[in-house]
Amino acid sequence: MNKNSSNTMALTPNTSNKRETVCIFGTGDFGRALGHKMIQSGYPVVYGSRSTQISNLIPKDAEVLGHAEAAQKAAIIIIAVQRQHYNFLIPLAEVLRGKVLVDISNNLKLNQYPESNAEYLAQLLPGSKVVKAFNTVSAWALQSGTLDASRQVFVCGDDVEAKQMVMDIVRSLGLTPLDKGSLLAAQEIENYPLQLFPMWKFPIFLSLGLTAFFFFYCLALDVIYTYIYENNNFSFFIAITIPNRVCPVMALVLLALVYLPGIFAAIIQLYRGTKYRRFPDWLDKWMLCRKQLGLIALAFASLHAVFTLVTPMRAFVSWRTSKGIISQALNNKTEPLDNTKAWLSDSYLALGILGFFLFVLLGITSLPSVSNSVNWREFRFVQSKLGYLALILCTAHTLVYGGKWFLSPSAYKWYLPNIYILSLIVPCAVLVVKFVLIFPCVDKPLTQIRQGWERNPKYSE
């Protein structure tokens, strides 16, 4: 009986543990949104403002006082004002001594000042404990509810206890604090919101460059060459035909480029005989953007699937089909079914469907909400083993579909190979080298190196 009673009491919330008052300097959009969220989480909130007049925009359960009076009521003060207005804090130095100041400010451009805003605040008020936090969360996210990556709040500070207090508040708001270390990390944290898709720049520029190259390559061979030498105007190929050739080529090449840096990394580690030396910068950056390359490849594969589905609706396809029927009728001849062509057609379609399915699976598992629900071994199995299987299927899909052009002299217009031949260079190279790397005589020393063995231990220094 006593045991059950104690369990019941343990599960009952302790209403006596009232949360500490939090002070917010600043009644702008973010200050109001953060105050409203804190009130919802059970924190008493007091605003420090030049004007103590209650506004309809201020959360109704919050108190508005002068800066000095508001600061005296709380141990944690959130500075929701811009850096250029920090001077008003100097006369409050004695009131703020020993208190935790949470700097949430951002700048207008990268490295706008020699030091971070948080470090500048610490210099102005050396008696206070400055913590950087909340600058990566928007007022809109606080008001509408946060999802996925917007839950992450980077926190840094020199005082461990102060930083822990702020992280507790972050958790109570339903957000995820990420400890970035001392206040020296504040500049990096402040630069983070100013970077527009930092990990997407290289993949996007690379994709745009390759897309332009393959598009004009197809334009030259399928439209310009045909018009010059065959006097046929196929300029309408620009709308559907050429994009439907560029998209699968881009999807296959980009998927191969996802796994190519891993091949380079393995070769470099085998050559060096150690894993304790940094990869070249270009390889580091390439490996960090593999997810983005894969997602762009999935986008191209999806476009290829859509373009293929609308192909029967095209006027050119209907004309070509009706022309073949009329030709057979006029010649009173019916072409028999070519079983070889039927097998090839069904085979490349089946390979394409299976490859696209695995492509989609790779994209789904890269989403944070999905990847966070699987362990590292499961994630690696999908992204590595199934990823290589997707590359094999997509390469086989292209080989079966474009094989007829490989040995046909008519396919080499202006002595240039067909686009499908070009698309197979990188994927086939990746698969061949990967096949060599899985040989026991190569895989065993590579595994030992990745487990810490060194051929020459001096490199570990």
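Numbering starts at 1 and runs along the chain as it is shown here.
Cβ from N, Cα, C; glycine included.
Database features (TrEMBL):
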type: DOMAIN; residues: 21-107; note: domain 'Pyrroline-5-carboxylate reductase catalytic N-terminal'
type: TRANSMEM; residues: 204-229; note: transmembrane segment
type: TRANSMEM; residues: 249-271; note: transmembrane segment
type: DOMAIN; residues: 249-394; note: domain 'Ferric oxidoreductase'
type: TRANSMEM; residues: 292-310; note: transmembrane segment
type: TRANSMEM; residues: 347-365; note: transmembrane segment
type: TRANSMEM; residues: 386-407; note: transmembrane segment
type: TRANSMEM; residues: 419-442; note: transmembrane segment
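Counting same-chain residues at least six beyond the ends of the transmembrane segment (419-442), those with a Cβ under 8 angstroms from any Cβ of the stretch are 214, 217-218, 221, 245-246, 248-249, 252-253, 255-257, 259-260, 263, 266-267, 270, 388, 391-392, 394-395, 398-399, 401-402, 405-406. The predicted model assigns the domain 'Pyrroline-5-carboxylate reductase catalytic N-terminal' (21-107) a mean pLDDT of 89. With a cut-off of 8 Å between Cβ atoms, the residues of this chain six or more beyond the transmembrane segment (204-229) that come close are 197, 235, 237-238, 241-243, 245-246, 249-250, 253-254, 257, 292-293, 296, 300, 413-414, 416, 418-419, 422. Here the listed stretches are 249-271, 292-310, 386-407, and the one with the most C-beta pairs under 8 angstroms to the transmembrane segment (347-365) is 386-407.
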